[in-house]
Structure formats: structure tokens, C-alpha cells
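**Q** As annotated by TrEMBL, domain 'ABC-2 type transporter transmembrane' applies to A:47-225. For A:21-39, A:51-71, A:92-116, A:122-146, A:153-174, A:207-229, the entry in TrEMBL reads transmembrane segment.
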Amino acid sequence: MTFSMKRLLAIFNKDYKDLTRNLYVSFTLLVPLVLAAVFGRQGIDSIDLYYMVFNMALCLVAAYIQCSLIAEEKEKNTLRGLMLSPASTMEILVGKGLLSFVTTILVIGISAYFLGYMPENLLIVSLGIILSTVFYIALGTALGLVTRSVMEASVIIMPFVFIFSFGTSLSVLAEKYPILQAADYLPNSQLIMIAKEVEMGTGLAELWSHFGIIGLWVIGMALITMVIYRKRMVD
Amino acid sequence: MESIIEVKSLAKLFSNQAALENVSFSVKKGETFGFLGPSGSGKTTTIKILTAQLVPTDGEAYVFGVPTSKLKNPEMRKKIGVLTDNSGLYARLSVFDNLKLYCDLYDVPYSRIDEVLEMVNMAGERKKVISKLSRGMLQRVTLARAFLHKPELLFLDEPTSALDPVNTRHIYRGLERLKEEGTTIFLTTHDMNEAEELCDRVAFLNKGKIQLLDSPLALRRKFADHTVTVELSGGEKEVIDMGPAGAKALHEYMSENKVTSIYSNEPTLGDIFVEVTGRKLS
Ligand SMILES: Nc1ncnc2c1ncn2[C@@H]1O[C@H](COP(=O)(O)OP(=O)(O)OP(=O)(O)O)[C@@H](O)[C@H]1O
Ligand SMILES: [Mg+2]
């Protein structure tokens, strides 16, 4: 299989231009930013709250933008033209993923600034956020492959926003319902654990299990995406 | 001569309904080949199979000697241009930005954009946003995109269906230029004048089957009834056989200065289509 950086960047540039003119989708970028600004003004200092905003950004930006970028190409029949060109599906998906990635990192960075969040170890936290972003982009890609319109994408993303943004609060109820302890293993919970440990001065070497679990989510999601891709795109 | 498209006993079923049945033909290098048929006859389906957007139920299809299932590699893609009714443009981007994307995808310099826009009479509209264009303008930009990369083989699915006569003319001139440059064109239409004007050979498609295949001229000769209609000064018309008897009659009328007009009774492609299939084209 051939892979061309030029074609990948062409898709990236096109999607970037298109996204800046797409009010409906780019509006969702504002949700985490506004939340961050509001919390920041109130001077709230809580890792749980910071990461609620970050996890929301991961869902609404990484997953949702990726999903709607793909869904819209199908809805408007523009995917046909791309598929008939030398661009491979991989180049198309990765080009979009790159845009979702850059946007997510920007939104989280600006949110952190608004919130006044300065982690003890920026490198470890960044690694955790980058790995999580990859997971959410894979999720968005899988959802984008199964949805046919931006409307559908907006609906299908909702349960994921619920589980992954607010899922961490589920573990509070875990004493009553032990099954909810599983929520601790969600990637968002793991990311918060990393952040909390970092504040206590824990080093990378002792955090490998958290990274490992997020890594497993990435691999699992990537596999699911591959299977859907094979089923949906090769007809 | 080299075959660019080779199709053998092609069939396509959509949930047990035949869209194409036992279709065979070949298109030579540099030729403009027309698929002429009414709505639903299988024209778009044929283009989709030949461009690997659909898998045939039965039969074989080769493009540049390669089975259509193997057309996915970038080098093959660069040799082929496609315009179908479902090829979309990015509504929020300008005409220029849409074509710029495709320049990058096909490795074509941006200077080519003005060239193709000129060919479809859209040179003044390069900055316009796609969502603000009329249907005919959209079709012209889509067409420009189809031959942006100077493909060796161009598939055009009803390229002028949304165009006024002036732009249709303009497109025809553009297509003639591509033909002169050696482009092989596979064209579908239900406009018999278009087929007659552009195509070296036409296939009549009806209900998924090819019913006739030849050059427009040969078809007209084959179906000619060898008569002319003479209009006389009194206003009456007379059909005259083009044999010695007819010549004599015509000579007489002419010597008496009675002829106001003579019409050829050569059938049009449309007439032939109706005669062969019992169906109207549009
Ligand atoms: N994806 C599909 N699923 C089911 N049936 C289809 C599909 N695509 C085409 N058909 C059927 O196949 C037949 C041929 O369709 P096709 O689009 O090839 O016709 P056409 O000659 O291009 O018509 P038109 O001039 O209206 O564009 C039609 O009966 C159509 O309903
Ligand atoms: Mg059609």
C-alpha cells in the first residue's frame, strides 16, 4: 500500500478550511472552552473538575469532530470523489485524524490555561492526554464509518459523552453497585488517576499500569475500527 | 488498435432485478464511445462498474487491460477521470479550493485550475463558494474536476444534462479539444443529438441490454429508407424513392420549377432507437 504525505496534508488542509466555515460543528469546540473559562473565573482548584472539562473536550472534539468529518463526506457524496482519486482511505482517515488531533490538543491546552491548571509534571500528563486523544479519534473514526450524516453523528456521540465525560462519577456509586467499579477502568478514569498521582509526585515508572490500560483501550478501539472499516469501505 | 475498455458478458443484479444483462463491448484508444439509453437503462451502473464503484454480478470488465477489481492503485487512478451524478463538491469551499484539493491529490500544478475553468466557461467564477452556484455551474465545476489531471480515459455520465445550449456548445468544444489530445471518452446520454455530435460509436442500451452498436453514420445508413421528401410549390409534399424512377420524377419537377424544398429522410439516432426498442429516449 502506498502512502503519500502530500495527499494526507491536502486532506488535512481542506478539512481545516471546511471546519472553520462549519458553524454547526465548530460550535462544539466552544463548549469545553466556555466551561473552562467559567470554572477558571471561579478559581476552582480540583483535578476532577479540570478533567471533566478535558474529557469533555476529548469526546466533543477528538471523537465528535472526527466522526462528523467522516459522516459529512458520506452525506454530501464528496467521499466518492476522494475514493476515485489516488487518495487511499487510510490517507483520508489519517488526514482527518490529524486535524482532530491538533484541534483537540489546542482546545485542551487553552482550557488548561483558562482553568489555571499547571501539572507537577507536564510531560507525563501530556503523554496521558495524547494517548487518550488517539483513543477518542479511533472511536470517532469507528462511529464516522457507521453513521451516514452529521445529524446521526451528533446523536450517536451522546451516550459516549455520557459514559466518558461523566463516567468517573459512576465509581462514587460503586459501593452500592459493585459492577460500577468497572468504571475505574475506563480510559477517562485512568487519565484522572494519572493526573492525581502526578500531583503527588509519582514518576512515570510507577504509572505504567495506567498507561497500559489506556494503551489497551487504544489497541482495542483501533482493532474495532479496522473491522468496521473492512466491512463498510470494501464493498 | 489498442482496447482501453474491454467488457465481456457483464451482468449486474440489484436484489434479483437485472440492471445489466450480457453486456459486451470494447472501446478503442482515442475513441469517443457513447452509451445511449432512456432513464433506468443501466448507463450509470455501467460507469460505476468500470470505475470500481460497483462489483459486477457476472462477466468481466477490463480497463487499460486491468480487471476493474484492481483499479485502486494511485497510478491507475491518475489515468482515469470520472463525472457521475453523485460526485459532490465541498459546499463551503470556493471553486478554486475544491480544485486545489484535487490538484494536490493528483499531483497537478495549480496553474491547471485556470485552464480547466476556461474550458467549462467558469473562468470568472473561481472565487465563488460552491453553495452559491447554480445547478449548471455545479455541473461545469464537477466536469472541470473530472479532467483536471488530464486523464487518458474520461467517464462522463450525462455531462450536459443541466446545461443551457450556450454552455453545452462550450463543453462540446472542450471535449473536442480533449479528444484531439488523445483522450478516450466514455459518455452516457439520453440526448441523441449529443451522441451524434460527439461519438465515434454509440451503443443503444435498453433495459440493461445492448441492442445496437455502431457509428452514428453507419446506423443512419443501415436504417435509411432511401427516399427523399420533395415539397412542391403548391405546398404538397411527395416522398420519392432515390432510384431511377425517383430521379426521373425529381427531374421533371425541377425542370418545371415546382420544387421549393427537398428533405432527407435519413433517420436520426432517436428515430432508430424508437424503431429498435419501441421506446422513446427521454
Ligand atoms: N444501488 C442500487 N440499488 C438498487 N437498484 C439500483 C441501484 N442502482 C441502480 N439501480 C437500478 O438499476 C437500474 C439502472 O439504473 P442506472 O442508474 O444505471 O440507470 P441510468 O441509465 O443511469 O438512468 P438515468 O438516465 O436515469 O441516470 C434501475 O432500474 C435502477 O433502479
Ligand atoms: Mg444515470
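Yeah, the Cβs are placed from backbone N, Cα and C, and that goes for glycine too.
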**Q** Let me check one thing: do the transmembrane segment (A:122-146) and the transmembrane segment (A:21-39) come into contact, meaning three or more Cβ pairs under 8 Å with sequence separation of at least 6?
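**A** By the criterion, they do not touch.
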**Q** Do any residues, 6 or more residues outside the transmembrane segment (A:51-71), come within under 8 Å Cβ-to-Cβ of it, and if so which ones?
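**A** For the transmembrane segment (A:51-71), the list is 15, 19, 25, 28-29, 31-32, 35-36, 39, 93, 96-97, 99-101, 103-104, 107-108, 111-112, 115, 129, 132-133, 136-137, 139-141, 143-145, 147-150, 152-154, 156-157, 160-161, 164-166, 168, 188, 191-192, 195.
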**Q** Go through the chain and flag residues at least 6 beyond the ends of the transmembrane segment (A:92-116) whose CB is under 8 A from any CB in it; none is fine as an answer.
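**A** Those are 7-12, 15-16, 19, 29, 32-33, 35-37, 39-40, 43-45, 49-50, 53-54, 57-58, 61-62, 65-66, 69-70, 73, 79, 82, 129-130, 133-134, 136-137, 140-141, 229, in sequence order.
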